[in-house]
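**Student:** Reproduced below are the annotations present in Swiss-Prot:
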LIPID     Gly2  N-myristoyl glycine
LIPID     Cys3  S-palmitoyl cysteine
LIPID     Cys6  S-palmitoyl cysteine
DOMAIN    89-150  domain 'SH3'
DOMAIN    156-253  domain 'SH2'
DOMAIN    278-531  domain 'Protein kinase'
BINDING   Leu284, Gly285, Asn286, Gly287, Gln288, Phe289, Gly290, Glu291, Val292, Lys306  ATP binding site
ACT_SITE  Asp397  active site, proton acceptor
Amino acid sequence: MGCVQCKDKEAAKLTDDRDTSLSQSGVGYRYGVDPTPQHYPAFSGTGTAVAAIPNYNNFHGAAVSQGMTVFGGISTSTHQGTLRTRGGTGVTLFVALYDYEARTEDDLSFRKGEKFQIINSTEGDWWDARSLTTGGTGYIPSNYVAPVDSIQAEDWYFGKLGRKDAERQLLSTGNPRGTFLIRESETTKGAFSLSIRDWDDVKGDHVKHYKIRKLDSGGYYITTRAQFETLQQLVQHYTERAAGLCCRLVVPCHKGMPRLTDLSVKTKDVWEIPRESLQLIKRLGNGQFGEVWMGTWNGNTKVAIKTLKPGTMSPESFLEEAQIMKKLRHDKLVQLYAVVSEEPIYIVTEYMGKGSLLDFLKDGEGRALKLPNLVDMAAQVAGGMAYIERMNYIHRDLRSANILVGDSLVCKIADFGLARLIEDNEYTARQGAKFPIKWTAPEAALYGKFTIKSDVWSFGILLTELVTKGRVPYPGMNNREVLEQVERGYRMQCPQDCPSSLHELMVQCWKKDAEERPTFEYLQAFLEDYFTATEPQYQPGDNL
């Protein structure tokens, strides 16, 4: 099995894994446990830029050069660096982790398990490859493959996956007790975390996390009494017996298909596409400035298409802004794929099957959601906005209508940055029905001063939409009354069945002084640990 006894337990003594953030998440926690503030990121401090994107917030952090890769940032390729030969001869072989259907004549279709020789890996997210099964050559998405016999090729290995996202995936409907995954440790370089779905009478379904440490000799262990040469051997050992874990490992967590950041290798750099390459199939929504459709690109790739009414915005300004939007890449932001920049403007993005969060809460599955799910959705939005905050960008129109929902209650932010470009007179005057007064911070509504802190105000309003299942903010008040009353210090009361601790967070978002409002980094940390802040992050095994 690869398990060896520790020769010097003192030399590899287990350290205390407990810290202030939590790992054991589930439906059994009571509402309203507040995290201890000192354990969270700076409440209202500003972030530092991490990519060369124009600074809309007057931050002074130095931008990192465009070639630098940051976690969750510009580059999304799983495998980086030069492909090396083994033993000086041959090439490293890669294996497909998923099925893929070619989208263009340049792509290569393949099936899970197929092996490849990589011809050229200089195109970033798309590699030129030769299939050893069919002999065919073409471009393949690099995040669909991994080196043969590597841990990246294992079904249970999820790489850079955060604790909260691991819990989200493991707690998805249909996963039995013992469903597991291994991911990179967020806190310890070179270490890993084992996350397991568990169940008991008190907590119901929940997730436990165990730290996998690395020996100086290269082996791995959870407890010093059971050490392994490889992660594969560790998994095999705990598949056969619990050996101090909450339960034995039963089945790897299902991996969803990875998101592609481009439609194809050609649209990676040339992403203005012909209108005739798009087919509008089903209208999903109709707004003041256009429509949203489910459609296809090239007849084979499902996408969402936002069509804008002529005159809504300048094509030149839109294209300039889209250049920036295309560089924003985060798993909680709807990915921009391509545009048709001649009027009527088309914006092509990834498709989210459950529609807008507003409709989902009012008329869809969201009506039955309980507070833990709602807080988790808020945490996802805060996570996407924390990325926008780090990139020194601004949304300007953050509300539930501009959040999209996918499978497993995944939430992604849409329409970031577009509000700045709208040329409608009634909208630009920040008056009348077209402008979202009830979501807008007073300094932005009255004086046009939009910053990331005005987005924080809007996020506080979005929180009320979540806990009230899509109720319009400030019920019974019109826009003029809202402006007047908010300027006089009025703030919405705590909604029915909303914990006072969550309402207090809303009130912090609505501070009159914008600089006193929390950062999105803080909001994300607070909400992710809302029910779990008093628990240890990692579980010790029984008698370990």
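Cβ from N, Cα, C; glycine included.
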**Student:** What's the number of neighbouring CB atoms sitting within 10 A of the CB on Leu284 (ATP binding site)?
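**Tutor:** So the Cβ neighbour count for Leu284 (ATP binding site) comes to 20.
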**Student:** What three-state secondary structure does DSSP assign to the residue listed as 'active site, proton acceptor'?
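**Tutor:** The residue listed as 'active site, proton acceptor' sits in coil per DSSP, no helix or strand.
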**Student:** Sorry to bug you, but what's the C-alpha spacing from the residue listed as 'active site, proton acceptor' to Asn286 (ATP binding site), rounded to the closest Å?
**Tutor:** 17
**Student:** With DSSP assignments reduced to helix, strand and coil, which class does Leu284 (ATP binding site) get?
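**Tutor:** It is in a strand.
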**Student:** Within 10 Å of the Cβ of Val292 (ATP binding site), how many other Cβ atoms can you find? Include all protein chains, please.
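**Tutor:** Result for Val292 (ATP binding site): 22 neighbouring Cβ atoms inside 10 Å.
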**Student:** Determine the mean pLDDT over the domain 'SH2' (156-253), rounding to the nearest whole number.
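**Tutor:** Looking only at the domain 'SH2' (156-253), pLDDT averages out to 94.
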